[in-house]
Amino acid sequence: MLTFVGLGLYDERSVTVAGRDAIRDADRVFAEFYTSRLIGTDIETLEDTLETSIERRDRAGIEQDPEPILEAAESEHVVFCTAGDTMVSTTHADLRLRAADRGIETRIVHGTTAQTAAGSLTGLQNYRFGKATTLPFEDAHGGDGVPDSVVATIEDNRDRDLHTLVYLDIKVDDPHWEESDDTYMTASQAATMLSEPFPDTLGVVVARAGSPDPLVAADTLDELATQTFGDPLHLLVIPGSLHPLEADTLESVAGAALE
């Protein structure tokens, strides 16, 4: 059996009780942290808290060589973990389908995601979010500025009067990324990049969702580009038009100066 467990947003306490129990009951536990991280903890603390040994896999070990996980799941109870939810944004549907093709039973234990936290913290209504996008570092996509696909996603959402959740690039355990380079894109870096195609546009920063000290800030992208927002992880939201309740919440919790 292969159980997918989302670990939540921040530290070893973010996992649900159901997720914790599944991990403790497993014969083997695998995890990946190349797409997102639990910033408030480390692998050793996770292992101590969850009373298990965690076998960490890199991107190639999940996408190109999943055999160790699948072979173990054919005869043992195996858990595969990620930050957030294993099937939301950081999707591992391919691994689940490979397991199903081999007759391996699968189960999903959901975790809190950045998508739900962004709506909760900002007061932006969840059903008014359109397609999300990820903003990569310029050096990561081999071009200058913002990729056309990111611009198109934001423009399409704005045409439909929808909010856009922008995930910010993470380069952790990436063999193609120099250790001296940034590993976590900051909201100010993202605002700098996006302010060119979207001048005079409102942005909403969400930093450290799920932690004891989350931060929410709203201003124009040009202004956000000049500010700092502390430790990662950061998200950026480009809102559509605001419902009065959304506007009131951003003014109250994010310091937005809305006309």
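Using N, Cα and C of the backbone, Cβ positions are placed for all residues, glycine too.
Per Swiss-Prot, these features apply:
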{"type": "BINDING", "residues": "L9, D85, V88, T113, A114, L168, A209, H234", "note": "S-adenosyl-L-methionine binding site"}
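Shown here: features listed in Swiss-Prot, placed on the structure.
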residue : record                               : Cβ contacts under 8 Å, 6 or more apart
L9      : S-adenosyl-L-methionine binding site : L38, A83, G84, G111, T112, T113, A114, A117, A209, G210, S211
D85     : S-adenosyl-L-methionine binding site : G6, H110, G111, T112, T113
V88     : S-adenosyl-L-methionine binding site : G6, T113, Q115
L168    : S-adenosyl-L-methionine binding site : T134, L135, Y184, M185, T186, A187, Q189, A190, L233, H234, L235, L236
Would you work out the biggest C-alpha to C-alpha distance among L9, D85, V88, T113, A114, L168, A209, H234, the residues that bind S-adenosyl-L-methionine according to the record, and give it in angstrom as a whole number? 17
Reduced to three states, what secondary structure does DSSP give L168 (S-adenosyl-L-methionine binding site)? strand
Least buried by Cβ count (within 10 Å) of the binding-site residues T113, A114, A209, H234: T113
